[in-house]
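Here's what TrEMBL has on this protein:
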- A:8-197: domain 'Electron transfer flavoprotein alpha/beta-subunit N-terminal' (DOMAIN)
- A:246-247, A:260-264, A:277-284, A:N298: FAD binding site (BINDING)
Amino acid sequence: MMDEYRGVWVFIEQNDGKIEGVSLELLGAGRKLANKLEVPLSGVLLGYEIKQLSQEVISYGADQVYVIDHEVMKDYRTESYMKAVINLAEKYKPEIFLYGATSNGKDLASAVATDLSTGLTADTTILDVELDKRLLEASRPAFGGNIMATILCKKHRPQMATVRPKVMKALEPDPDRQGKVIEERMTLKEEDMRTKVIKIVKDVTKKVNLADAHVVVAGGKGMGDLQNFQMIHELADTIGATVGGTRDVVEAGWLPHEQQVGQTGETITPKIYFAIGISGAIQHVVGMKNSEFIIAINKDPNAPIFDVATYGIVGDALEIVPKLIKEFKEARERGGEMSYV
Amino acid sequence: MHIVVCVKQVPDTKIIKINPKTNTLDRRSAPAILNPYDAHAVQEAVKIKKAIGRGTISVLSMGPPQAVAVIKKSIEIGADRGFLISDRAFAGADTLATSYALSKALERISKDMPVDLIICGKHAIDGDTGQVGPGIARRLDIPPVTNVIEVSELNESEKTILIKRKITDGYELIQAQVPCLLTVEKEINSIEYSPMPNMMKAAKYEPIIWSVNDLEDVDRTQLGLKGSPTIVGKMFTPPKPEGGKRLEGNADKQIEQLMELLNDKKELFVSR
Ligand SMILES: Cc1cc2nc3c(=O)[nH]c(=O)nc-3n(C[C@H](O)[C@H](O)[C@H](O)COP(=O)(O)OP(=O)(O)OC[C@H]3O[C@@H](n4cnc5c(N)ncnc54)[C@H](O)[C@@H]3O)c2cc1C
Ligand SMILES: Nc1ncnc2c1ncn2[C@@H]1O[C@H](COP(=O)(O)O)[C@@H](O)[C@H]1O
């Protein structure tokens, strides 16, 4: 009875009334799939006092939004969110259902897939459909990122996938876009819940926010030692950038883990990305290749980072970086025409 | 207090090699290890048992006979006993079929000794999915709490547990009813040196091994390859990004060109 299942769904993750970026990206990716399959694209929006976000979901490409606005749904909890999503999916039968690969998205999707007895592909980075059989082709890095695998779910519906943040592109929002808002009821009661969110503590001490940085200066093992690595910080300070690094650098203790770029770190899309003394291993590259303008400095002309870089400089970083810092400082002193910060 | 930790044997992906001709994993290149997150899961069970002062820690694994090694490793860390479910019928399982088989084994384990807490790793480094833990919780109808960074209080009489769960920009403090299932992050603890008696126990230890016939009420269509809705369609090497341009000349020349390029791109430096 797989033909009963039609339509593409995106789980809209919101925190404190703000929609997560990955959900908007998924609306962009979902729009393409829905167009190919000639079916509507729907958002699934859960929370408390969040109804008004429906228009934003529509403006980013959805045709309709299923909304459950209920006090029990105030904070994310597997129990309540899962029940709501399972009810919706059983009632309206989507053929494809996408979630952001965030803590909550993965948690929710895993529970939902179990109850719906369907397949779930984790951490997808490429999405497509095969029209003939209406099959979702969800591709993801496998075996530590050395290779890509396309995962299919042929006999079960919905076909579900979690998708890594910052890989898909959101559409330009169109505030005039029209869509349908479908409000659903919810019978869950707080007394029936076996988990309680006592409090949510935001980490305000975390100064570095790689994900939002528009210029990133990243350093690799090629900087040699911790002392030389300070050049990376100095360059970043000079141009008002955020510092990132490779896993090897993090393991050496030159940077905290939250500043690691790549498969097991952050995936980022800054406007400018400096890759200095970085070889360009696939696990690093997946985390930064969608940056707008990439400059690589490496003394090995065959380093794979040059394949991704918009412009590459073959040379010794220990010689080039200090010169760059000097140039930028001078440029800033000249003022006006080249003040970067 | 009976804690069961689910542990998986995985190839060490840090040193894994892919055969470029067949696009498959060269198993010989990768030594098999205890999934690092699961080591932290066992360590956390040891910590909890120590804090309470009593209890039993069982570990459970599904895998080929050689997966006994990860059970022995868990005994070294401080588990009391281990179970391995091993059968051809389990082979080729995706996360849905894995959580089904493990939940059947857990049902059997809890018949003899009711289970209060199940701990899994955040994910297995070979599959990288993190879907098995929540899947088990659903099948046993107990609440899952994922991405746990601290177990701060376990109240045995009230049957509640207080947990810190990592979220994108901080943490949540969650109170859950016991029994429940936790999946743990690496930062939850650091692996301690195994005491000598544990090492000696582990060396001799032989876990209980069950085949599918040892489990009750098993629907075989939900096991292994047959019970797995997802299949691998194809494997391919990641698409190569377009080759980049190089700047020419000596260092000074290159820097000069770069500064010009960046000057043209000045708008990129401006905050969004
Ligand atoms: C499962 C898994 C997950 C991983 N996740 C990540 C991840 O999230 N992020 C990540 O970054 N890595 C990750 N890795 C590791 C990754 O494979 C690489 O090992 C790592 O990115 C290499 O870091 P590097 O470029 O700093 O070091 P190296 O590979 O050692 O490269 C150093 C480079 O610096 C150059 N160099 C040396 N001296 C100089 C000099 N004086 N001037 C200029 N250039 C110089 C060298 O030519 C070389 O290219 C992961 C690996 C695995 C198996
Ligand atoms: N074959 C297995 N045997 C025992 N535990 C497993 C197995 N597969 C997964 N797990 C548990 O589930 C967690 C998540 O695995 P995964 O969903 O595969 O990333 C692991 O850290 C283990 O705790």
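Every residue, even glycine, has its Cβ placed from backbone N, Cα and C.
Remember, it's a predicted structure, so these values are computed and weren't measured experimentally.
Within the set of binding-site residues (A:T246, A:Q260, A:G262, A:I282), the lowest number of other Cβ atoms found within 10 Å of a Cβ is recorded at A:I282. Proximity of the binding-site residues A:T264, A:G280, A:I282, A:H284 to ligand 1, judged by a Cβ distance under 6 angstroms to any of its atoms, singles out A:T264, A:H284 in sequence order. Less than 8 angstroms from a Cβ of chain B: among the binding-site residues A:T246, A:Q260, A:G262, A:G280, A:I282, A:H284, that describes A:I282. Sequence-distant contacts of A:G280 (FAD binding site), defined as residues of its own chain at least six apart whose C-beta falls under 8 angstroms from its C-beta, comprise A:A296, A:N298, A:A303, A:P304, A:I305, A:F306, A:D307, A:V308.
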